[in-house]
Amino acid sequence: MLAAGLVALASRTAAQVASVCPTTDVCFKLNIPENTASSGNGDIFFQLSAPATYNWVALGQGSSMSGANIFVVYTAGNGNVTISPRLGTGHSMPQFNSDAQVALLEGSGVSNGKMVANVRCSSCNSWSGGSASFSGSNGNWIYATKQSGGAQDTTSQSANIDEHDNQSTFQWSYANAKGGNSVNPLVNAGSSGSGNTSGGSGGATTSCVPRQAGAVGTGTATKGTTTGGSSRATSTKSVDQDDDSSYGRSTTSPSGWTRPTARPTGNSWEGNDKRASLEERQTINYCDENDPSNTGFTPVASDGGDNSQKMLIAHGVLGALAFVIFFPAGAIAIRLASFTGVVWFHAAFQAFAYIVYIASFGLGVYIAGEEDYLSEAHPIIGIVVLVVLFFQPILGLLHHVMYKKHHARTAWSHLHLWLGRVAITLGIINGGLGLQLANDAPRAGYIAYGVIAGVVWLVWVAAIALGEKRRTRAAKDAHLANAGHPAAGHYAPKENGT
């Protein structure tokens, strides 16, 4: 019995827990067990800690949101938290990943204004869209928070979450995270080594622990574990309960603690006297007792997310200008205007609109490639429209030449007219699909685009109908007057009746 206790205590002591705190309120911890570190794959343990008033906090593996293995934590209500594994897909809400093998462990819950999730991940070495090895010296991680909006208070792992208001990519050093084989090195344990994140040159370190007041949580190794309970401890000292006979899982609750919402797995204790003989009390170095200016967090390319967002906004604005303003305006002018040279004004204006769209298209292709969107309807329609519009100047020139020759519309005329109408309509619709794909615009943005684009499209269609009516009337008047067809072949109804 004494030998078993010494073995368990040695395992606990050897566990390395690295900590990083991007802000004074948000901290993450990581342990890579010895077996995982030596083989490169296996279980890892990490902790997320943030104010319980936050809408959510997330930690993810990867260098960008696209393709990242993300773990979102939010309050579940009644002092519990929910862990929601998700797959990053770029500038859209990450979707729940039912294949992830994660479990909340003891210590998870809400206490003293903090939500804490102690997580065991058994599938973090590989996921759909990426992989990671834990035998190296460091790894790329991302984090994000949503401070506003209030607590989620839901047990749904697929709950809708609003866009983050704070995020960054960072490189986490594994040097101080490797060691030990405890089944829960995070509960009530100070960092064995100071965590380090770097942007290539290293950063400051921290070995503090977010205050969690001995919260007790749930834990199983199977999929679908969603919530962890919380309770309040009566001491700021930790109680080590690891034991070989129970695989380190305590199945009894110390006096004054409430039971977890789901009992941890493992063999039961034979008696409280065994547990008492293995207690190890140690003083915890809480983060709120330290100088918050030195948190050991140095982001990698911290403005990358901002640049990506700027490109996304520029893509949307340029595309909207092209199809909601410029293309319809040029088409309306050729239908209703009658000044000399209106045809060349139309051609120049549509060419300008096409250049604006090319700029939007270039940004869109880059974003789609980075975020793996090329198979979505929005970029596919964008490519089709670009190709169609490329031939419009050629078709327009053929229409103009053939009209001058035959004094009537030809097949080239109808092809030019109808391809243009289809392209503009598709472009307007595709703008809405782009907003839907980005999934980060406020509801008012969707409504505003829909109303403005809809009104412009109706005005454009009305201009087409009015222009055709004028053309028909002009042709009839010309026939009655036995007048010849104009040589210019212009579209404008008052001049030529096209």
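Here the Cβ of each residue, glycine as well, is placed from N, Cα and C on the backbone.
Taken verbatim from TrEMBL:
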type: COMPBIAS; residues: 192-203; note: compositional bias 'Gly residues'
type: COMPBIAS; residues: 213-238; note: compositional bias 'Low complexity'
type: COMPBIAS; residues: 247-270; note: compositional bias 'Polar residues'
type: DOMAIN; residues: 24-146; note: domain 'DOMON'
type: DOMAIN; residues: 275-469; note: domain 'Cytochrome b561'
type: REGION; residues: 185-275; note: region 'Disordered'
type: SIGNAL; residues: 1-15; note: signal peptide
type: TRANSMEM; residues: 312-336; note: transmembrane segment
type: TRANSMEM; residues: 343-368; note: transmembrane segment
type: TRANSMEM; residues: 380-398; note: transmembrane segment
type: TRANSMEM; residues: 418-438; note: transmembrane segment
type: TRANSMEM; residues: 444-466; note: transmembrane segment
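Stretch with the most C-beta contacts under 8 angstroms to the transmembrane segment (380-398), considering only 312-336, 343-368, 418-438, 444-466: 418-438. Segment contact holds for the transmembrane segment (444-466) and the transmembrane segment (312-336), given three or more CB pairs below 8 angstroms at sequence separation of 6 or more. Tertiary neighbourhood of the transmembrane segment (343-368): same-chain residues 90-91, 308, 311-312, 314-316, 318-319, 321-323, 326-327, 329-331, 333-334, 337, 374, 376, 379, 382, 385-386, 389, 392-393, 396, 400, 427, 434, 488-492, selected by CB-CB distance under 8 Å and a gap of 6+ residues from either end. The average pLDDT computed for the domain 'DOMON' (24-146) is 92. The residues of the domain 'DOMON' (24-146), classed with DSSP into helix (H, G, I), strand (E, B) and coil, number 6 helix, 66 strand, 51 coil.
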